[in-house]
Amino acid sequence: MTTEHIEELNDQQIIRREKMAALAEQGIDPFGKRFERTANSAQLKEKYNDKDKEELNELNETAIIAGRLMTKRGKGKVGFAHIQDREGQIQIYVRKDAVGEENYEIFKKADLGDFLGIEGEIMRTDMGELSIKATHLTHLSKALRPLPEKFHGLTDVETIYRKRYLDLISNRESFERFVTRSKIISEIRRYLDGQGFLEVETPVLHNEAGGAAARPFITHHNAQNIDMVLRIATELHLKRLIVGGMERVYEIGRIFRNEGMDATHNPEFTSIEVYQAYADFQDIMDLTEGIIQHAAVSVNGDGPVNYQGTEIKINEPFKRVHMVDAIKEITGVDFWQDMSFEEAAALAQEKKVPLEKHFTEVGHVINAFFEEFVEETLIQPTFVYGHPVAVSPLAKKNPEDPRFTDRFELFIMTKEYANAFTELNDPIDQLSRFEAQAKAKELGDDEATGIDYDFVEALEYGMPPTGGLGIGIDRLVMLLTDVTTIRDVLLFPTMK
């Protein structure tokens, strides 16, 4: 360690380093070694919470725990402290005459943030708090920096996101939210595995962006001397696996989109995509409802979800409505009628709906109407289906009205949570859709994709009728944990 670095340290950091050196002089490794526990805080509370002081004295049972020192009080020959492990906190009671003078010195000199191992007897204090009366302490790791805001947790938002480890130490609600996130993902896996789906892994580096309308991150492969993109979706590779005969596949993984950031968008996020052979979008609606409800039950039980004061009836059948019907109900505009792009654009001008310069089809106008007037009204879980072909380059046309596709999106609290459709498996139609996307890209649509000829070739070998689905995991976790910003469900959100 350089002299320059030491001079930059504050008083607390200097004192902690001196204590570290003192431990080493006593033959104690300041950063410890393997330590075997017999229980954690939650297990002890579950086992002994119904026992009073006298019962615990009669039982005379012991335990070995370990964790971070979060509070410490007392003076002279007696002290109390709280030790925090993954499951929570438990109090320890330390007496000099019980642990010995040398062992008690370890406790006295321990700083908040240090890790300790404690062996002792299970007891209840006169105040009624379940505790461990220490018979031996082991120093496990020295914290060289003090913890933030000792009693009130971490409150600075910038620090919470940049230094998530400090947030997890000091904010139990935040810690539990990320435990819940893991449980949600595990339950989704369990549900799909139970339905006969196979979890697979596909490449993160792609030669061509595809499977979604989004701007990609571009990188370079030095050995091959080619530009590549980070995936904006897993769709096209997963559908290749359907061609290969896997029939039911899903992937949970990171997606990368070089776009703006807001309360519900992060450039790097987690999605799940699911593909089922011999199914259509109606089957996938049922599957989506099952996934969402199963995840909700694992967190909130079999009932509605409360999100920001609104009761979301996630436990009831989801509403289903065609996009055109939803627009007509709110605006009175009937897009079931045949009309030219110019006529549709005139309706948009009349209703003050902004149109992008690359819009060339009636379907673009229909989608713009939906985004302008309908999305903000969708509070309860609602499947909106029948998207126009112009905005659904990978979805199969509806056989009864080829202007529209067998596609749906799930909306809850005005936000999209899932996107799905009967997959386009006609390679000729697929190529023409790719060509239309390439043209839109030339006209200035940054989110339009190029032509994936290899995927078209795969379809030429034959893909069975297939239903596909994508769900944003982060938004789902936000809903089920009642938070309003995606940064609160990402352990390490993107920061400047």
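For all residues, glycine too, the Cβ spot is worked out from N, Cα and C.
Feature annotation from Swiss-Prot assigns Mg(2+) 1 binding site to Glu409, Glu416. Counting only residues at least six positions away in the same chain, the Cβ atoms of Phe383, Val384, Tyr385, His387, Glu416, Ala418, Asn419, Ala420 sit under 8 Å from the Cβ of Glu409 (Mg(2+) 1 binding site). Mapped onto three states, the DSSP output places Glu409 (Mg(2+) 1 binding site) in strand.
Annotated Mg(2+) 2 binding site per Swiss-Prot: Glu416, in sequence order. Following the DSSP three-state reduction, the secondary structure of Glu416 (Mg(2+) 1 binding site) is strand.
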10 Å Cβ neighbour count around Glu416 (Mg(2+) 1 binding site)? 17
